[in-house]
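As recorded in Swiss-Prot:
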DISULFID  51-56  disulfide bond
DISULFID  52-62  disulfide bond
MOD_RES   64  glycine amide
SIGNAL    1-21  signal peptide
């Protein structure tokens, strides 16, 4: 391949990567907000020494009945 062809392929790859990355970043913003909300809910339960999540259930009791 010539230098022009290699440069053209490089530009196409960069453009395709940029176009593909935009929708995934927008979609992750909403999920991050939800994860932060769930994390704060978990912190509130841990403060009460109560947690039904399997990640913290072995250290705290689960009175919620989950």
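Note: Cβ is positioned from N, Cα and C throughout, glycine not excepted.
What you see is a predicted model, and the numbers here were worked out from it, not measured in a lab.
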Could you tell me what the rest of the chain brings near the signal peptide (1-21), counting residues at least six beyond its ends with Cβ under 8 Å? none
Under DSSP, is residue 62 (disulfide bond) part of a helix or a strand, or is it coil? coil
Three-state secondary structure, residue 52 (disulfide bond) (per DSSP): coil
Around residue 52 (disulfide bond), how many other C-beta atoms are within 10 angstroms of its C-beta? 15
Across all the protein chains here, work out how many other Cβ atoms are within 10 Å of the Cβ of residue 62 (disulfide bond). 14
